[in-house]
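Annotation source Swiss-Prot lists domain 'Glutamine amidotransferase type-1' at 3-193. Annotation comment: Swiss-Prot describes 80 as active site, nucleophile, evidence class sequence analysis. Feature annotation from Swiss-Prot assigns active site to 167, 169; the stated evidence is sequence analysis. Here Swiss-Prot flags 194-384 as domain 'GMPS ATP-PPase', drawing on sequence analysis. Here Swiss-Prot flags 221, 222, 223, 224, 225, 226, 227 as ATP binding site, drawing on sequence analysis.
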């Protein structure tokens with residue numbers, strides 16, 4: 001299978017680059033910026049992309065790729081910081097020039113070049129840089145400019161080195177997808193054979209080669225990711241997989257029963273339901289910080305699994321988790337800053353007795369869904385809404401109590417039921433929609449009496465891969481009806497508000 005290697009210099013969009021390449025049916029893999037030449041040769045990529053980053057290439061602590069990368073005779077595309085690294089390492093010069101700083105949407109003038117094939121020459125791109133290339137290496141020429149940045153793109157056609165100061169991976173660069181397509185297909189000459197059926201076969205073989213004759217304990221959370229991971233692993237190793245579903249009391253209405261029924265149907269045997277509602281509530285008592293909630297839940301999950309594993313009396317070696325790419329992104333990579341820890345990657349204790357098995361960790365959400373369909377998981381289950389591993393604990397702001405959980409659980413059920421009915425015949429249904437119980441109270445009126453209840457937030461977004469999201473524009477008349485239904489049917493709710501924050505700057509979940 002042809003692949004594109006992406007060297008990660010810590011930029012916030014590195015995983016988005018990988019996502020865009022995979023959209024083109026080309027496998028992409030993210031590796032550390034300082035990967036050895038031997039390892040690159042072993043991976044045998046058709047092309048290399050150098051990601052953006054936070055540093056300045058001329059700084060004392062700047063990070064650079066292995067120098068041998070320029071002699072591999074492999075096409076290379078540098079993006080933002082990656083472009084500047086390419087220029088400096090090949091004899092060019094980069095400086096901080098206040099007059100050439102650019103942030104946001106920027107008009108750009110392209111020249112005729114294979115990188116810009118089938119692209120309008122007068123166009124618009126997304127810039128985010130304070131440093132600029134001021135002197136080109138020998139053999140390079142300028143192929144794009146803006147009013148402030150004379151070297152917005154450059155190339156050495158003989159070596160097949162290309163660089164852009166802007167970000168083609170973000171949707172704000174209107175021609176970005178076409179540029180990436182030109183690079184991978186026209187310049188790198190890839191086959192384009194990255195498809196769900198290939199993912200399935202590759203992942204099954206990967207699991208078999210890792211697990212061999214050992215046993216796997218699966219951590220089922222109730223979400224799409226852990227379900228797909230479990231069914232995939234079951235097809236790979238059969239009866240050596242044991243699934244444990246922990247009811248931590250933080251699930252949506254009727255979810256525990258629905259998940260267990262589905263697991264028995266899809267996997268069959270070795271399914272264990274563990275009721276630990278009171279344990280999790282006791283551990284979370286008095287905790288208000290969202291990071292602490294996530295870590296406590298992750299740690300408690302592992303403690304429960306260790307006890308269950310001992311009771312089952314099977315020599316488990318691996319713990320299966322449904323970690324996917326966005327989970328890892330938001331928990332911070334080698335150089336990027338942590339947005340929030342993920343329960344699968346940020347809360348595990350050092351004494352963990354299992355080795356982790358995470359077959360989905362390099363897949364995006366829509367790729368996981370496609371994989372799920374190829375595994376014959378029913379469509380309605382594959383395309384159910386994303387639900388965080390910590391469950392309603394991160395949808396109740398402040399301290400977790402049984403009363404608060406019941407409030408947000410019932411409100412969430414009413415909201416989701418209304419939206420499901422409203423958009424049942426529409427192709428433009430929100431990607432994710434849920435309620436958040438804030439820790440704020442406000443005065444209301446019930447009948448002739450004063451009330452003092454919680455403020456509930458409604459959240460609905462449109463997204464493809466959870467890397468970015470836009471708030472969904474539910475018609476106002478329906479928001480009014482939803483508010484009325486919730487306030488009338490759910491006790492202790494006196495006010496309903498609608499969250500209109502995109503991601504970025506916000507995250508999809510509130511905590």
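Placement of Cβ uses the backbone N, Cα and C atoms for every residue, glycine included.
The model shown is predicted, which means the values in this text are computed figures rather than measured ones.
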### Query
Can you give the mean pLDDT for the domain 'GMPS ATP-PPase' (194-384), rounded to a whole number?
84
### Query
With every protein chain in view, how many other Cβ atoms are within 10 Å of the Cβ of residue 227 (ATP binding site)?
27
### Cβ neighbour count within 10 Å of residue 226 (ATP binding site)
23
### Cβ neighbour count (within 10 Å, all chains shown) around residue 167 (active site)
24
## Note on the structure
residue 80 (active site, nucleophile) and residue 167 (active site), compared by Cα position, are separated in whole Å by 7
#### Entry: Neighbour count (Cβ, 10 Å) for residue 80 (active site, nucleophile)
26
### Query
What other residues of the same chain, not counting 221, 222, 223, 224, 225, 226, 227, have a CB atom within 8 A of the CB centroid of the ATP site?
220, 228, 229, 322, 387, 389
### Task
Look up residue 167 (active site) in the DSSP assignment and reduce it to helix, strand or coil.
coil
### Task
With H, G and I counted as helix, E and B as strand and the rest as coil, say where DSSP puts residue 226 (ATP binding site).
helix
### Message
With every protein chain in view, what's the tally of Cβ atoms within 10 Å of the Cβ of residue 223 (ATP binding site), excluding that atom itself?
### Response
20
### Task
Sort out the sequence-distant neighbours of residue 221 (ATP binding site) for me: same chain, 6+ apart, CB within less than 8 Å of its CB, listed by position.
322, 387, 389, 391
## Note on the structure
Cα of residue 167 (active site) to Cα of residue 227 (ATP binding site), in Å and rounded, measures 35
### Task
Rounded to the nearest Å, what's the C-alpha distance separating residue 223 (ATP binding site) and residue 169 (active site)? Just drop the number here, would you?
28
### Task
Show which residues of the chain containing residue 222 (ATP binding site), separated from it by at least 6 in sequence, have their CB under 8 Å from its CB.
245, 251, 255, 256, 259, 387, 391
### Summary
Whole-Å Cα distance, residue 169 (active site) to residue 224 (ATP binding site), is 26
